[in-house]
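Working notes for the structure below.
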Amino acid sequence: MYLSLLLLPMFGSAVTGLLGRKIGVTGAHIITCSCLITSAILAIVAFYEVGLCNSSVSINLISWIDSELMDVSWGFMFDSLTVSMLLPVLVVSSLVHIFSVDYMSADPHNQRFFAYLSMFTFFMLVLVTGDNYLIMFVGWEGIGISSYLLINFWFTRIQANKSAIKALVVNRVGDMFLSIGFFAIFFVFGNLDYSTVFSIAPFINETIITIIGLLLLLAAMGKSAQLGLHTWLPDPSMEGPTPVSALIHAATLVTAGVYLLLRSSPVIEYGPTTLIVITWVGALTAFFAASTGLLQNDLKRVIAYSTCSQMGYLFMACGLSQYNVALFHLVNHAFFKALLFLAAGAVLHATYDQQDQRRLGGLIGFLPFTYTAILIGSLSLIALPWLTGFYSKDLILEVAYGQYEFSGQVAYWLGTLSACLTAFYSLRLISLTFLTYPNASKSVYLHTHDAPTIVMIPLIILSLLAIFFGYVARDLFVGMGSDFLSPSLFTHPSHITLIEAEFGLPQIIKLLPAIGTLLGAGLALYLYHMLPVFTIDLTNSTLGQKLYRFFNGKYYVDVIYNHYIIYGGLQLGYVISKVLDRGIIELVGPYGLATGLTSGSKDIAKLDTGNLTSYALYLAIALVTLIMILLSPVLLNAALINAPLILVLLVAMVCIPYINSSSNDTVTTVQVKL
């Protein structure tokens, strides 16, 4: 069953990709959707057997690398962490496949799209089920190339090409640090198996553990779009098909970095410096992304920046050693983020791909079902009480404050402020898209229609999960005394603060995020729905324009990267190419050798003057040189006499050909004049 769960998506991808012309579009839909739905059902069964019944499964297929100390097998492990990751990955992926049947119905390349989508899911399954770091690396690189293919699915668009390359290159930075980290793990531990590495980690020097932890953190920052390596995230949401955005942002690519930290918890727990850095990175990313999303106008880009912000919350939880809370929020986030992106796709599908919120408005009467789906997803995103997001997002802030350390306090206040900003831009999105006066052209509203039944099914399922899953699964993931994740995640005893956060915090600290959320949501509705004149006046003011350009321009991070890093790198490459490749290497390489031999042969040819006295001089110089070589032991004692003589002879040898050549030219000139 467990291998079937893993291989079915790959089977669907291979059949659809290789036999797409034979089976047709309908066949591609049936095969890929059937494989994914079956895998999702098997994942639910595996969650019951492994997670609830506490019966972990390990499968060792064949040996892969057996070279002296290095022994790596194709092995897969199903523990509580693995099955918890399989649940959102396969449920969301199967719903995205169903949604794509209608969304991509007019595209002529359906078979290729569904093959890429299933391959993407397969590599994510490889990443989360592998029992060693090398198999994780296979899945890690696989989702990277799959995301490139999906973002660049409409490859005739230059912007899609550029976005795919940008995503691939930025992720290469994280991949480089991941490779170095795995080399460091093998060098220190002598093995890449999780069980071996985790059992030896407590006995390794803290400095070494910190270095390995920081390398893994930098790798996770690339995949999970943390501050500094976040620039690739909005582009796939803009240029790829919307189902791709839902899969990338909800369940696969961006969660891979968080999974790396969760799986490596037995290692990074022994590096306190690493944990502090992770906390700061997460807190700063959450605030940065939330403030950047405030004044974005593209519908999908706003949701994309909310993903970046929520990944910051997950990093905060990992840095605070609350890995079970991070996993709980990861699963919750997958459901309501997939709901938001698929509902946004339904809006785009109904409005002829109009993504600018300012050119929409008034859609609540035309798309009531889609409006309800986006409303549920947004309310769960802002952690409205008793929805799914509330049970995990607020808990992250509580455990941050409950640490009673400086990094925890900073994380709490930045996270609370980010929650206010998240509520603001979420309700701003709803207001501009659905509640304000219609701003689109009349032709758009004439043909606007709500989602068909095949699109409603995924939205209904995700809406129910966004409402009820947090309440149902809370005690299992983060309940007091729950040992559901204890076999998979490790928290050092000195870092256990969940009880203090639950019972020891002042009530105002617990209520403050909810109060800020309500204030942010109310302010957005007031400014954009009830009093838009004030917003227009603020935009026309000098201060308002500067603030708008700053936040809409994403803190000018792309400008800084382009001007100081990319442009500087291109200039450095030009200088290296000019001085080294086309300079020194050419000079000492084939070109320099050929040129030198040609020039030297011409200089030697000038010695053949045809003058008898020149030949006599050459013979005399050769004879003197031979005598000096033979008598060098004796003459070395008279260096002051020997050196000037040698210098005179060398100068004579060099100058004679040119003197002869000059005299010959003079004679020729005189003869011509006569």
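Don't overthink the numbers, they just go from 1 along the chain as shown.
Glycine is no exception: its Cβ is also placed from the backbone N, Cα and C atoms.
Pulled from Swiss-Prot:
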TRANSMEM  27-47  transmembrane segment
TRANSMEM  81-101  transmembrane segment
TRANSMEM  113-133  transmembrane segment
TRANSMEM  135-155  transmembrane segment
TRANSMEM  200-220  transmembrane segment
TRANSMEM  242-262  transmembrane segment
TRANSMEM  301-323  transmembrane segment
TRANSMEM  363-383  transmembrane segment
TRANSMEM  410-430  transmembrane segment
TRANSMEM  514-534  transmembrane segment
TRANSMEM  616-636  transmembrane segment
TRANSMEM  639-659  transmembrane segment
List, by number or range, the same-chain residues at least 6 past the transmembrane segment (514-534) whose CB is under 8 A from its CB atoms?
382-385, 394, 416-417, 419-428, 431-432, 435-436
Cβ pairs under 8 Å between the transmembrane segment (410-430) and the transmembrane segment (301-323), at least three:
yes
Leading stretch by Cβ pairs under 8 Å, where the reference is the transmembrane segment (242-262) and the options are 27-47, 81-101, 363-383
81-101
